[in-house]
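Per TrEMBL, Cu cation binding site is recorded for Cys74, Cys78, His162. Taken from TrEMBL, the feature disulfide bond covers Cys74-Cys78. Taken from TrEMBL, the feature domain 'Thioredoxin' applies to 18-199.
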Amino acid sequence: MKKGFWILTVCIQIVSCGKMQEKLPILGNPAIEGNNLTYPKIRDFSFINQNGHTVTNETFAGKIYIADFIFLSCPTICPKMNSELKKVYDAYKNNTEVLFLSHTIDPENDTVEHLKLYTDNYGIKNNWHFVTGNKDSIYKMAKDSYFATAYPDSSEPGGYVHSGGFLLIDKNRHIRGVYDGTNQKETKRLIKDIKTLLEENQSK
């Protein structure tokens, strides 16, 4: 019995250690401050969502959120991105610890009214914010905070170039994952990684 007990104990410890080690990386180049590494954080922002409400970094304080950059008239990857992110949304729409943030890169055309119509037709509630605002501020956020691409280009279909990725942000405003927004396998990976990040938060 003792031998079996110790074998079981060792197995439990190995499993427990395995769970403890399952942690998503923090992405970005860290700065060295003394003996500590400081990772890049999402900068402060202020935009307007589909309900006409101001959305800031405080809206997401203490929450996990998924960010991306799209525009409603996009003829290429955006419909697929929105379809894939809707799967993630449906998996976590009842979890108050998970939010979604989609930035339009075409604020001149994607007005609050257009965003509201789109989200209503898509069955999206308040925990998924489609935001618009000053275009230069949106492009700067994409580049400087999310390390994403977003800018106008008349030679491209739809008139814009933008990244097709989903970015997983933790409650400390760190990027913890980047996912191909057009790939179903990546969508499943994102759903799994959100669960991992939620468990990490609970263990602290």
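Going from the start of the chain as shown, residues are counted 1 onward.
Even glycines carry a Cβ here, placed using N, Cα and C.
Using the Cβ center of Cys74, Cys78, His162 for Cu cation, the list of other same-chain residues with Cβ within 8 Å runs, in sequence order, Phe69, Ile70, Phe71, Thr76, Ile77, Met81, Ile105, Gly158, Tyr160, Gly164. Contacts of Cys78 (Cu cation binding site) defined by a Cβ separation under 8 A and a same-chain sequence distance of 6+ are given as Ile70, Phe71, Leu72, in order along the sequence. The Cβ of Cys74 has fewer other Cβ atoms within 10 Å than any other of the binding-site residues Cys74, His162.
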